[in-house]
Amino acid sequence: MEKINCLGDACPLPVIKTKRALKKANKVEVLVDNLIATQNLVKMAEQLGGNVSVVKENDNLYHVFLLKEENSLVTDSDITDITIEESKYNYKKEQPYIVVCSSEMMGAGETELSKLLIKSFLYALTEQDVLPEKVLLYNKGIYLGLKDSETVADLHLLEQAGVDIMSCGLCADYYGVTDDIEVGTITNMYAIIENMRLYPVVKPS
Amino acid sequence: MKEKLMICGGCNAKIGPGDLNKILTKIPQTTSERLLVGFDTSDDAAVLKMTDDLAIIQTLDFFPTMVSDPYLYGKIAATNALSDVYAMGGEVLSAMNIVCFPENYDLEMLGEILKGGAEKVKEAGGVLVGGHSIHDSTPKYGLSVTGLIHPDKILKNNNCQLNDNLILTKPIGSGIITTAYSVGEASEKAFLEATEAMQTLNKYAAEVIVDYDVNSCTDVTGFGLAGHLLEMLAGAYSANIYFDKIPYIMEAYECAKECLVTAGGQRNRNQFSNQVENITQEFAVEELIYDPQTSGGLLLSVTEKETDELLLALLDAGVSASLIGKVIEKNKVGITIYN
């Protein structure tokens with residue numbers, strides 16, 4: 001694993017340095033100091049093919065892990081010559097299912113633990129061999145996709161991998177947070193029911 | 001003197017639209033009967049009525065360095081600041097310099113910056129009447145500009161009408177190119193193409209459009225084509241735009257494909273992507289419409305009837321102008337991008 005330090009680097013430097021590192025190593029860990037830089041790295045991985053995951057240590061420190069897919073990511077040619085026709089994300093989507101979160105917590109125990117559990121749940125979800133088709137968020141579940149929430153980076157990652165993230169519009173209105181929804185699209189009860197009817201549902205409850 | 005400036009990213013340095021809205025709503029409002037366009041509409045400049053046939057436009061813009069050549073930086077920053085007057089449909093009356101400059105830098109460099117700015121004020125037909133400068137850790141430069149306009153001829157940035165056609169006057173992609181160039185990933189040719197557009201005054205377009213039924217006008221800057229178009233649609237309408245009609249710097253498309261993109265572009269994507277549907281399915285297309293522009297062109301919303309004549313008049317005046325899309329009835333997304 002090649003480790004590169006991009007702390008203090010403005011975009012697109014982290015992307016450029018990461019591409020260079022991927023010419024030499026199959027696995028690269030990149031340190032960046034802001035969420036935007038992680039999003040640009042995820043976009044790059046999505047464009048070039050390969051697997052990527054983001055681990056947030058705190059607001060100013062993120063670890064981005066990139067795994068080069070065999071023969072797909074970067075060749076020996078100059079990095080400006082890279083052209084890969086389409087996204088070759090490593091995630092498979094075989095047995096379709098959806099994930100439904102109706103709360104910003106997982107289970108009904110101590111609040112602190114319950115919040116930690118849902119965070120861990122969504123992180124683990126990004127690591128699954130088979131990703132869900134959709135993640136539906138309603139009631140307090142919509143808070144998982146709000147700007148500055150601890151879970152939004154993982155939801156972004158899922159979205160980048162082709163998972164539809166859908167937040168209940170009525171709920172967002174009710175809690176007055178519509179403008180803070182940072183990931184996915186707004187949905188309604190008809191779509192929620194239709195999706196729950198069509199797919200097997202995984203629910204962190 | 002061959003000293004160069006460090007690159008800090010022009011309009012890329014703008015504070016994100018979401019962050020800004022959050023605090024702006026909490027600021028106490030002042031008002032005046034003279035105020036025709038103000039704070040509340042997120043317009044490019046304020047307009048204050050003096051008499052029945054005269055109003056003044058007040059605006060200010062400045063930013064950190066986006067190119068390393070001080071003279072070029074001065075020209076671009078001034079062109080961008082003057083643009084807000086043109087986006088309202090007005091003419092430039094006067095301007096003052098705003099300068100932040102490090103104590104330990106060569107003052108000659110500041111001289112070059114101010115020379116570039118002064119030349120643009122002159123070209124705009126305005127008079128440069130002074131300014132204010134302070135020491136700061138990084139250079140910043142811009143202008144406070146006063147313009148004139150007839151109170152009945154103000155072009156708002158959020159007044160487009162159903163079936164209006166959308167016209168754009170400069171190529172997009174300058175944010176991507178200047179940033180990529182600064183790290184050695186874009187060619188000299190593309191850089192010249194971008195900076196040529198960035199130092200072209202929107203004056204020449206503004207002088208033409210005042211004679212036509214332009215319902216809405218804005219200059220495309222930090223929020224990218226997508227952000228400024230959404231502002232124009234104001235939640236009342238939607239728009240279809242056609243990527244093969246949108247002028248862009250060819251190499252910016254290649255850079256976008258390789259993710260040589262800016263933080264500002266990603267911030268715009270985070271803010272606007274839930275209102276944009278990309279039928280082309282091409283990633284680079286999205287990067288271009290979210291790309292923050294420094295001193296970008298004018299985006300115009302004009303009646304169907306006058307579209308052809310306006311386009312011809314713009315081209316006659318030497319302004320590059322393209323019909324890029326149409327205002328349609330509101331649907332579930334704000335902007336749909338077709339091929």
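Glycine residues also receive a Cβ, built from the backbone N, Cα and C atoms like all the rest.
If you look up TrEMBL, you'll see B:Lys14, B:Thr41, B:Ser42, B:Asp43, B:Asp61, B:Asp84, B:Gly131, B:His132, B:Ser133 marked as ATP binding site. According to TrEMBL, the Mg(2+) binding site annotation covers B:Asp44, B:Asp84, B:Asp219. What TrEMBL lists as domain 'PurM-like N-terminal' is B:43-149. For B:164-336, the entry in TrEMBL reads domain 'PurM-like C-terminal'. The site 'Important for catalytic activity' feature in TrEMBL is assigned to B:Lys14.
On a Cα basis, B:Asp84 (Mg(2+) binding site) lies 18 Å away from B:Gly131 (ATP binding site). Annotated pair B:Asp84 (Mg(2+) binding site) and B:Ser133 (ATP binding site), C-alpha to C-alpha distance, rounded: 22 Å. Within 10 Å of its Cβ, the residue among the binding-site residues B:Asp61, B:Asp219 with the fewest other Cβ atoms is B:Asp61. With a 10 A radius on its CB, B:Gly131 (ATP binding site) counts 16 other CB atoms from all the protein chains.
A straight line from the CA of B:Ser133 (ATP binding site) to the CA of B:Asp219 (Mg(2+) binding site) spans 27 Å. Mapped onto three states, the DSSP output places B:Asp61 (ATP binding site) in strand. Put simply, B:Asp61 (ATP binding site) is 13 Å from B:Asp219 (Mg(2+) binding site) when counted between their Cα atoms.
In the three-state DSSP scheme, B:Asp84 (Mg(2+) binding site) falls into the helix class.
The helix, strand and coil residue counts that DSSP assigns across the domain 'PurM-like N-terminal' (B:43-149) are 35 helix, 47 strand, 25 coil.
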